[in-house]
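J.: First the structure, then my questions, so here it is.
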Amino acid sequence: MTAHQNDTDPSGISDFLLNCFVTSPGWQLWLSLPLSLLFLLAMGANAVLLITIRLEASLHEPMYYLLSLLSLLDIVLCLTVIPKVLAMFWFDLRLISFSACFLQMYIMNSFLAMESCTFIVMAFDRYIAICHPLRYPSIITDQFVIKAVIFIVARNVFLCMPIPILSARLYYCGRNVIENCICANMSVSRLSCDDVTLNRLYQFAAGWTLLGSDLIVIFLSYILILRAVLKLKAEGAVAKALSTCSSHFILILFFSTILLVFVLTHVAKRKVSPDVPVLLNVLHHVIPAALNPIVYGLRTQEIKQGIQGLLKKGW
């Protein structure tokens, strides 16, 4: 940092201006309705799932505690991103404070990584349930869930912390228009006058270390599960085992697919409109959140019965 920069505010600016869909401003209009509906669906469905698991004694089991954690992560991610995006679309409230921007950046990075890590624990849960069913009650206990949650939170809170810190320490010399709907790390960092090589390297390393390794472990778990399922001889055992795993796998596949498409559009940005990665980034914070409780609710008999039981009590 040069001498004249030290005499001023270390950031150079106090606010950022979010400029959504630079090349396709018309997208805001047609996207606002489905986005608001997806947001309401995500909030409502996750709230129903959390209330059902909380009130139904039969659902007080490790697998459903992990599902509750997934719902909580989805709710926080949605609330961090979607209300601000809708406020921009409807009321043109594009200004975001310096501190709010970096807080949003931190929550998005750490909570997405926590969600990915939760999928690993859920894959392990299904692996033990199917491959070692007799040992399941002794391995997957309430204590196991507590330790898993501590690991999920600690790993991602600490490993994602440098991302906003590295961005916040940069000098922003007057340019404050972020060409994105959200405070994505590189969208913000590239506005600075400083060298952002370290930011790029850490984002890349953290992304592949956290999300990349998670996805590899998840897919290996499901390959082992599939092998074990195909060896089952009992009548109806294969169908039951596949049924319990398919809902998990559908959501993990969707989570990783939208992430992969987002990465590929960034790599091929010269051939793709710059608004496409922005759109995918926004959708990645709401579509999985809306789908998770619906897929689990529809495909898990115990949850379906629990919701029906609560509705009957309510009436």
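Just so it is clear, glycine is given a Cβ too, placed from its N, Cα and C backbone atoms.
Keep in mind that what you see is a predicted model, and the values were worked out from it rather than measured.
Reproduced below are the annotations present in TrEMBL:
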DOMAIN    45-296  domain 'G-protein coupled receptors family 1 profile'
TRANSMEM  27-51  transmembrane segment
TRANSMEM  63-91  transmembrane segment
TRANSMEM  103-124  transmembrane segment
TRANSMEM  144-166  transmembrane segment
TRANSMEM  205-229  transmembrane segment
TRANSMEM  241-264  transmembrane segment
TRANSMEM  276-298  transmembrane segment
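What's the neighbourhood like for each of these?
T.: Across the domain 'G-protein coupled receptors family 1 profile' (45-296), mean pLDDT in this model comes to 87.
If one looks beyond the transmembrane segment (63-91) by at least 6 residues along the same chain, the residues whose Cβ comes under 8 Å of a Cβ in the stretch are 18, 20, 28-29, 31-32, 35-36, 39, 42-43, 46-47, 49-50, 53-54, 104, 107-108, 111-112, 114-115, 118-119, 121-122, 125, 129, 140, 142, 145, 148-149, 152, 181-182, 282, 285-286, 288-289, 292-293, 296, 302-303.
Taking Cβ pairs closer than 8 Å, the transmembrane segment (103-124) reaches residues 63, 66-67, 69-70, 73-74, 76-77, 80-81, 84, 96, 148, 151-153, 155-157, 159-161, 163-164, 167, 182-185, 188, 206, 210-211, 214-215, 217-218, 221-222, 225, 248, 251-252, 255, 284-285, 288 in its own chain, all 6 or more past its ends.
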J.: Against which stretches of its own chain does the transmembrane segment (205-229) lie, if we need a Cβ under 8 Å and a gap of at least six residues from its ends?
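T.: Residues packing against the transmembrane segment (205-229) from afar: 109, 112-113, 116-117, 119-120, 123-124, 126-127, 130-131, 155-156, 159-160, 162-163, 237-238, 241-242, 245, 249, 252, 256, 259.
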